[in-house]
Amino acid sequence: MTDKLIIRGGKKLAGTLQVDGAKNSAVALIPAAILAESEVVLEGLPDISDVHTLYNILEELGGTVRYDNKTAVIDPTDMISMPLPSGNVKKLRASYYLMGAMLGRFKKAVIGLPGGCYLGPRPIDQHIKGFEALGAKVTNEQGAIYLRADELKGARIYLDVVSVGATINIMLAAVRAKGKTVIENAAKEPEIIDVATLLTNMGAIIKGAGTDTIRITGVEHLHGCHHTIIPDRIEAGTFMVLAAASGKGVRIENVIPTHLEGIIAKLTEMGVPMDIEEDAIFVGEVEKIKKVDIKTYAYPGFPTDLQQPLTALLTRAEGSSVITDTIYPSRFKHIAEIERMGGKFKLEGRSAVINGPVQLQGSKVTATDLRAGAALVIAALLADGETEIHGVEHIERGYSKIIEKLSAIGANITRSSAAETKL
């Protein structure tokens, strides 16, 4: 049986929320440790299921992982390249970073096809194109990807689609290849800079991370290092939206405001008062939310990952707001759930029209993916009465200790296993 969250809405929240390390960095930094030949220490990792799944996978490969609080000590010295069945790999989409890392270190890898949130077609063809350009032979046999290379040689690779996953994966494979690699039309996300920083600390030579052209000069060996992960800009943005929806003064700590320009701009346009500090953001209470139109784009544009949480807040806005997702046009599964709570929406192609303001009512809803889960939590906090959210495991894939964090600022939120309620 899956567990559920029970939230009694209508309370005004106040206090401080701490942002954890970036999920989208963590799932790449941990596989990147495979490339080193001595101990790698990663600090500030989020305590989420994806991270623990990756520790298990590294141990399956013969590595050792010591984990304490938010720090992991990874010793990749005795790792060997062995086929990774789809058990753990199926649990997370970002297991594809194991391909680049294992190819970079061992020149071969066998990996079951990755899992994670299902957001429509997100194929890994750009990753494979990059690996092939570096000299790997890639085949798909019985639902597993086989990668083999006699040697990896630097190449010029143009990505047809700006892809964070492909950019990082090619970086991982190229840092120990012979000669120079150039990735053109590379993604520019902060998480890419974070991975490049780790690799550089390990002895890699990388220029241009964070721009659309990344240049890598291959080296033979990489060594261990200490690295502190960047804060999670999507968790920070989710907390900002939540504070605007239900807060009466919420301070969000451990943030990098320059990573949050898209959401800061839109909340400002909606009339949300904010104080931006060096590494914290204070969100004040807001009486009336103004309607806005939003289009998601690749970084530094408005992130697709915050589109769903924002939908919940916009049920409070006066008039019709339009959200257009240019990245994942089918990312609107949460809307049917918020409609059960009384939300008024119209779907038009890759856009959703949100008509407000409406007072949401508690209901039974289901989180279909990670950010839909965040949207439903915000909707439940806004609603009159009690909301039951099923599919908690989706939420916990990306938000660590969400119940403790929200309870600490006054939310009435508990978890119950669905089995208990049947007795």
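For all residues, glycine too, the Cβ spot is worked out from N, Cα and C.
Feature list (source: Swiss-Prot):
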- CYS117: active site, proton donor (ACT_SITE)
- LYS23, ASN24: phosphoenolpyruvate binding site (BINDING)
- ARG93, ARG122, PRO123, ILE124, ASP125, GLN126, ASP305, ILE327: UDP-N-acetyl-alpha-D-glucosamine binding site (BINDING)
- CYS117: 2-(S-cysteinyl)pyruvic acid O-phosphothioketal (MOD_RES)
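In this structure the C-alpha atoms belonging to ASP125 (UDP-N-acetyl-alpha-D-glucosamine binding site) and LYS23 (phosphoenolpyruvate binding site) are separated by 23 Å. Secondary structure from DSSP puts ASN24 (phosphoenolpyruvate binding site) in a helix. Among the listed binding-site residues, namely ASN24, GLN126, the Cβ with the most fellow Cβ atoms inside 10 Å is that of ASN24.
The Cβ of LYS23 (phosphoenolpyruvate binding site) lies under 8 Å from the Cβ of PRO46, ILE48, ASP50, VAL51, ASP232, ILE234, GLU235, ARG397, GLY398, each of which sits 6+ residues away along the same chain. Nearest Cα neighbour of ASN24 (phosphoenolpyruvate binding site) among the listed binding-site residues (PRO123, ILE124, ASP305, ILE327): ASP305. For ASP305 (UDP-N-acetyl-alpha-D-glucosamine binding site), the number of other Cβ atoms no farther than 10 Å from its own Cβ, over all displayed protein chains, is 22. Every protein chain considered, the tally of other Cβ atoms within 10 Å of the Cβ of ASP125 (UDP-N-acetyl-alpha-D-glucosamine binding site) stands at 11. In sequence order, THR296, TYR297, ALA298, THR304 are the residues near ILE327 (UDP-N-acetyl-alpha-D-glucosamine binding site), counting only same-chain partners six or more apart with C-beta under 8 A. With the fewest other Cβ atoms inside 10 Å of its Cβ, the least crowded of the binding-site residues PRO123, ILE124 in this structure is PRO123.
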